[in-house]
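Undergrad: Pulled from Swiss-Prot, these are the listed features:
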- 213-393: domain 'GAF' (DOMAIN)
- Cys318: phytochromobilin binding site (BINDING)
- 604-674: domain 'PAS 1' (DOMAIN)
- 737-808: domain 'PAS 2' (DOMAIN)
- 889-1111: domain 'Histidine kinase' (DOMAIN)
Amino acid sequence: MSSNTSRSCSTRSRQNSRVSSQVLVDAKLHGNFEESERLFDYSASINLNMPSSSCEIPSSAVSTYLQKIQRGMLIQPFGCLIVVDEKNLKVIAFSENTQEMLGLIPHTVPSMEQREALTIGTDVKSLFLSPGCSALEKAVDFGEISILNPITLHCRSSSKPFYAILHRIEEGLVIDLEPVSPDEVPVTAAGALRSYKLAAKSISRLQALPSGNMLLLCDALVKEVSELTGYDRVMVYKFHEDGHGEVIAECCREDMEPYLGLHYSATDIPQASRFLFMRNKVRMICDCSAVPVKVVQDKSLSQPISLSGSTLRAPHGCHAQYMSNMGSVASLVMSVTINGSDSDEMNRDLQTGRHLWGLVVCHHASPRFVPFPLRYACEFLTQVFGVQINKEAESAVLLKEKRILQTQSVLCDMLFRNAPIGIVTQSPNIMDLVKCDGAALYYRDNLWSLGVTPTETQIRDLIDWVLKSHGGNTGFTTESLMESGYPDASVLGESICGMAAVYISEKDFLFWFRSSTAKQIKWGGARHDPNDRDGKRMHPRSSFKAFMEIVRWKSVPWDDMEMDAINSLQLIIKGSLQEEHSKTVVDVPLVDNRVQKVDELCVIVNEMVRLIDTAAVPIFAVDASGVINGWNSKAAEVTGLAVEQAIGKPVSDLVEDDSVETVKNMLALALEGSEERGAEIRIRAFGPKRKSSPVELVVNTCCSRDMTNNVLGVCFIGQDVTGQKTLTENYSRVKGDYARIMWSPSTLIPPIFITNENGVCSEWNNAMQKLSGIKREEVVNKILLGEVFTTDDYGCCLKDHDTLTKLRIGFNAVISGQKNIEKLLFGFYHRDGSFIEALLSANKRTDIEGKVTGVLCFLQVPSPELQYALQVQQISEHAIACALNKLAYLRHEVKDPEKAISFLQDLLHSSGLSEDQKRLLRTSVLCREQLAKVISDSDIEGIEEGYVELDCSEFGLQESLEAVVKQVMELSIERKVQISCDYPQEVSSMRLYGDNLRLQQILSETLLSSIRFTPALRGLCVSFKVIARIEAIGKRMKRVELEFRIIHPAPGLPEDLVREMFQPLRKGTSREGLGLHITQKLVKLMERGTLRYLRESEMSAFVILTEFPLI
């Protein structure tokens, strides 16, 4: 078993034991609170110094505690909740405030015949208007449903908008409904990417910070979150290995007590809550004092509904009291997760392999609600912060490991000259190996000590105690001598709490000592006031006091890396002393500092040689005469020439003839002290690769120098670009337009995919299909980041969550116009399970007005330039831009005459017209407004996808019908076709609420098509008929279902035109087909809108059905 594996196993065992113990303590605290409520004595209950085994808590109590946390059946009152069965969308649970929030409670006393609008078994689609219901039905069939959040739903009774936030549980689909503020423009699932833009500037500032300073990064984050959300206090909590938390950054109002530096017990954030933070990255409490709302569920369900994933889940009473005690009413918490080992199962996401590093916590002194889009933006910002933290943590670990290895190497070198005394008498010494307050060597009844250590007598007592109580041949490690049972721990005091002791022979020991953690912790909020009443209440100050009492006799834990270093040094010393037992200790005088530095340098040089030999790029070195004296494994692999065969050969014999002069010039310049970068050379292939083409390398040179800084030779660090060169050269010969490049089956074409401005994939070429194993039809019209590239077991599965976050950052930057993505390295899994690494380049696509319309992406495998493809793409985009320029020109030129017509109509309106003249003027106004509406329609894709919002207002049906008929009169006269209007006075005189201009557009287009395809024979007639059915909604409201029938003689519309009307748009669609297709899509946007085309032997007809509220 490797050291890493053993380290992981030991950590996992230790962490799992800690988590299990902590859950028991959490359950006991919960039980105490439930029993005593407001008389709860926090300080007495948090006595965690007792072993967890002494907490005699039955398993049923723990189960009850966990169920209360996750299945409490209470929500916050700022929203309402509905749970539906996914199979039929029938309601199986709902919160008691749902009917009130959705406006379903009648204002008058209901009669016996009236049924309640919401009960168990109600079809949820009956509660909302049709566009939202369609989105809800689509969501049910969606895999990762959270990608679609939020869905905008409008109440059927009041048209009030809500954000629907969906997630799945075992029983069905949970719909959290949050009201949309009147001054807020609702976003849709397709617009979720836009909410990222709220945090775009904050993300840019965060990424621009210099690396190597984690506290600077945390300080920047709290300021950015504070500006985004407006909370009174924003903090970054970091969880330590023992589970306790620390406030490491804070931004708060000047009049508030600072919490920066506060340490609090692990029980302040229970393990169950940490588990929920891994599932739900954002948690908002609007008002901790608000009375929670109960959830009613179907009695046939076997257990209470799980609310663990709900954004509305009510805070537990214990947490609400804690918030109240510290003067906080509202909070917003975001989890920070990073990559980690599998050591902490409770705080680890089993799907992503990430664990909970800490939290970003916002507090406010008054109730505060943050809408979903802003919460989503904050979540994204926190994800970016997590990526940065992950980098900083990894860098810190590598730096620590490097420092330990360097110190260990020097200590080992000392052992060969002065074993073992040199490691405590020279510099560096064993105190430099790991962080400690003191260290000691007890060897052959003599003691050498450094820093803060026990006395020699106390050291001997410690040795006797370790041998007696913890016998073995390895040693003993503890962070608390007091808790480990050392009888004289109190005598040693808080200066010596933690100890690492290892055997180097039968009675010889190495010691490292650490003082109490409490000595290292300072919090500005800590104070000692006899009148302080926080001592027994749940409050940060009492929590800090409890924590300080817990760590009074504890040191910082010894981490696995430190123990690996200590155990490695132990083994080395044991080995060096095996032959020395019979010899006396000889204290060799200190060597000259220069000799010592040379020895240290030798150790480092040996390590560098190993790193060079195992590097993933070809590296070779030559002496001043050009003879090879270094040839690493990668160079041997790419050329086929073994190391022993390359050493001693002139470099000119190994390179192609056309590269000899280049190499000689580089060598000459290097010997003069000038180093080259990015030079291209070609090396011959040998052995099995002899028949292959030469190896193409892009190399940098660096000089090899001696102790006096004289140049001895040159080192060439190369990058193998043979594949890229071959692909680029072949590809430069490919001719053709953009479509041929996109869909050519040639392997020379790079993988290409395209998204629109909402992040939805619109293209996926053959090369991308082959590279990923996923067909085009499986990804087009799906969200690229989350549905195509995922961290789950479908689509192109990415390596980890960080990769997905980096891609989101990059795409957000491209779409917001900040910068393009240039050769971003990322990897994903092929459908067959193989892992693929590639370089991603992405460029924004814009329309004629400079607005970003999407992103063009192509992969380089392995990193070819493919300049020709980009040129072809630019030509194609230029052609499209020219066409859009013409269209924009026409739109612009029409606007001025349209404004003039509007001005003249306003003048006529105030000039004393007769009633007939006013009616004609009103008809012309409606026609002009309809024209302006059509001209402004630039988002055909939005109409196609059903994302266009209707512009609703009160209107008269008679006026709209007259405007429709007037639009078709000229064509009617031209083709000698009569129009028969059949709509009763009581129908035409109706006042309705809806989008009258869209209704005019629909009716005029279908009426024109009917006349256009009626034979031009005198006497033929097109019938325009309107049928109304009025339905009462409660006592006061009514709605009318309108049926428009446009009947025209056979043969009617051509079959091809009917197909174009109902089928998706495709290349080559006729103008008439486009008009009817858009009309059919607009009908679907109307309330319960449907359009059918009926064909009989003698007659054909358009039948249009829709509903309007009746004023």
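Just so it is clear, glycine is given a Cβ too, placed from its N, Cα and C backbone atoms.
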Undergrad: Return the stretch with the most CB pairs under 8 A relative to the domain 'GAF' (213-393), choosing among 604-674, 737-808, 889-1111.
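TA: The stretch I would name here is 737-808.
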Undergrad: If you run through the domain 'PAS 2' (737-808) with DSSP, how many residues end up as helix, strand and coil?
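TA: The composition, in the requested order, is 30 helix, 16 strand, 26 coil.
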Undergrad: Over the domain 'PAS 1' (604-674), work out the mean pLDDT and round it to an integer.
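TA: Summarising the domain 'PAS 1' (604-674) by its mean pLDDT gives 83.
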Undergrad: Count the other Cβ atoms sitting within 10 Å of the Cβ of Cys318 (phytochromobilin binding site), across every protein chain shown.
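TA: Its Cβ has 18 other Cβ atoms within 10 Å.
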